[in-house]
Amino acid sequence: MLNYKKLGFVNTKKMYTEALKKNYALPGYNFNNMEQLQAILSACLQTQNSVVLQVSKKAYEYMEENLIYHLVQGAIATMKSQAKKMKLKPIEVALHLDHGDSYELCVSAIKNGFSSVMIDGSHLSYKENIKLTKKVVDFAHKYNVTVEGELGVLAGVEDYVSAENQVYTRPEDVKDFVGKTGVDSLAIAIGTSHGAYKFKPGQQPKIRLDILREIEKKLKNFPIVMHGSSSIPKEAVNKINKYGGKMEHAVGIDPKQLCEAVKTPVCKVNIDSDSRMTMTAGIRESLAKNPENFDPRGYMGFAREALVEMYKKKNIEVLGCGK
Ligand code: G3H
Ligand code: 13P
Ligand code: ZN
């Protein structure tokens, strides 16, 4: 059993309390490799906000459980020395399992140094969701690991998370769910969706802020999480298509609606697709412009710089947590 504090990570408690007080949201950025991880920490250091580093089940398998905490520990050490050089305050970092789908996976992540886990029982019946979530909370809290649960189902497809139709979170359930499970934060479904094709062409994308406000009244100052919140920037879509990719009709959440949402108790906003797209656009552009290059450091380094800029902009302009 690894102790996440000794590895230099924190759980989400203090950072969410701060976010609730100051009416901003923190980023929940997913990563799958070294360049994404470096870009996230470098951007968040520069904008001076805490960050929740997220690893999905697929990413947990891709990077391998034993490598992840070493990578993050190393990236934090680099961030701290950068902070010293730049005369900035080092930032706080939580290592979070995203969309954990079983008790066993959550336990494995906790044993491997994760400071926070999500148990996603949203596809189960209400009763089964409570039972599974509570079981994870009971284990996690013994080690001071924070737990995110989910109520309601987001539409969209991911490797391990997929749903045809979305089911909005019922405000009348949230207090009971939080009380019975003991979760530290709650992911809700209010119209966002996973992936790069969030809405059909011609559809008017809208986040149900009215449902969010009802939830806020029922839970009062309790950390809420929004998944599926990438904006799918037009520039990235166009660049991917221009340099040989094929992403037709990719569309995301209107950043203006996200700006409204983060003024409520929404403490974390999950972003993965924007990062994937910015990285892919950067790699495609670099390869197209430098056809003779076969050194991954060339195109990966170029994409990493683009990622840093994207994250900084998001922290400042959308989430409101960055300076
Ligand atoms: O919702 C979270 C991520 O987008 C998960 O994607 O399962 O392909 O890593 P992944
Ligand atoms: P996006 O696909 O909108 O980036 O959502 C990511 C997410 O919710 C990770 O849990
Ligand atoms: Zn998600």
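Note that Cβ sites are derived from N, Cα and C of the backbone, with glycine treated the same way.
TrEMBL: automatically predicted annotations, no manual curation.
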One of H96, H99, H123 listed by TrEMBL as binding Zn(2+) 1 at the site of H194, H227: H99
Among H99, H194, H227, which are binding-site residues, the residue with the most C-beta atoms within 10 angstroms of its C-beta: H227
Binding-site residues whose CB lies under 6 angstroms from ligand 3, from D120, E150, H227: H227
Distance, H227 (Zn(2+) 1 binding site) to D98 (active site, proton donor) (CA atoms, angstrom): 10
Filtered recorded positions, from D98, D120, E150, H194, whose Cβ is under 6 Å from an atom of ligand 1: D98, H194
Where the C-beta lies under 6 angstroms from ligand 2, the matching recorded positions among D98, D120, E150, H227: D98, H227
